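Feature list (source: TrEMBL):
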REPEAT    A:51-92  repeat 'WD'
REPEAT    A:137-177  repeat 'WD'
REPEAT    A:178-219  repeat 'WD'
REPEAT    A:220-261  repeat 'WD'
REPEAT    A:306-338  repeat 'WD'
């Protein structure tokens, strides 16, 4: 038998072994285990702010760690920095390329980043008298779908070239490339302890990576289409994913498997984005059907809906203090709800 | 509309790729797994302990809500 044939056989045996190991610990699922938990209250949130200013579809938004400022990105070719309390625009950053798909706020509040079909991640300094481009991170061979700052010196990116990468902002070079997905990477989420991250891709898989050694540690199966959104559960032991297959799922990292699926026969729109409330109990998931559905993460039940956008909800975000949820849409508006 | 262009699939008839895939599966197969009942219990406990700090779950009194007043957006 040729070596390739041997490798294929061993691969199949390992996959069978993994499936059996997962089954062996599958003594229940999350919804059954939570049957005794009191239901989450019916969640009825009001629109507190409608942020108007973008002239085209909004593709991404990200909260600052100060719980007040946020950055949004639109294919009108701008990043806008908003003061969510007053509803005022604090800054506007014109983009070289208007085909933006992601934006990020550094934890320090000093920097923001954007990227998209230009295949680059551009980092801007908000604190200089005039906003300056500090680095163009240029090495991906596919679009930039997501970027997140670890600090003012390190950025993580996910790309349509199927890789994720850790960049050194001082040199502008990739320190680590995370290789294993076989489809476009669409999203990433940093673990609370910052030692690992998870990515979701068009191969319908979510993967857990060690940031420092570059290794893929775990792969999560279950979705049947592109994973567009992903987030760590607070506490770091689980992740939530959202997919074009119209479902969201929770995967527990220590059980190494899907433990609950958030779906409804009446829902046949893809999930574009998601964000969690502070305790993790509520999942805010944005859909192609213009709504943001609110799920009880433990019981798998829909407990509310945010309706108000006139087009697809493309991004959602909850600030670190959990005081509201922001939705951004192709209708060019951002809404703040609580 | 942004199109998701799929890049080429990793060819599985390539020896180096096959070796890498087996290596990766060995890593993933070797982890310790805990029972879903324990994992679920831990997640439920986490939610329970943190529920009272979750403004969107508990509700926010108007006096403490920084977003309470609806003001028109000012264009700078």
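Note: Cβ is positioned from N, Cα and C throughout, glycine not excepted.
Tertiary neighbourhood of the repeat 'WD' (A:178-219): same-chain residues 142-143, 145-146, 148, 150, 156-166, 225-232, 234-236, 239, 241, 243, 245, 251, 253, 256, selected by CB-CB distance under 8 Å and a gap of 6+ residues from either end. Per-class residue totals from DSSP over the repeat 'WD' (A:220-261), listed helix then strand then coil: 0 helix, 23 strand, 19 coil. Each residue in the repeat 'WD' (A:137-177) gets a DSSP state, and the totals come to 0 helix, 25 strand, 16 coil. With DSSP classes pooled into helix, strand and coil, the tally for the repeat 'WD' (A:178-219) is 0 helix, 23 strand, 19 coil.
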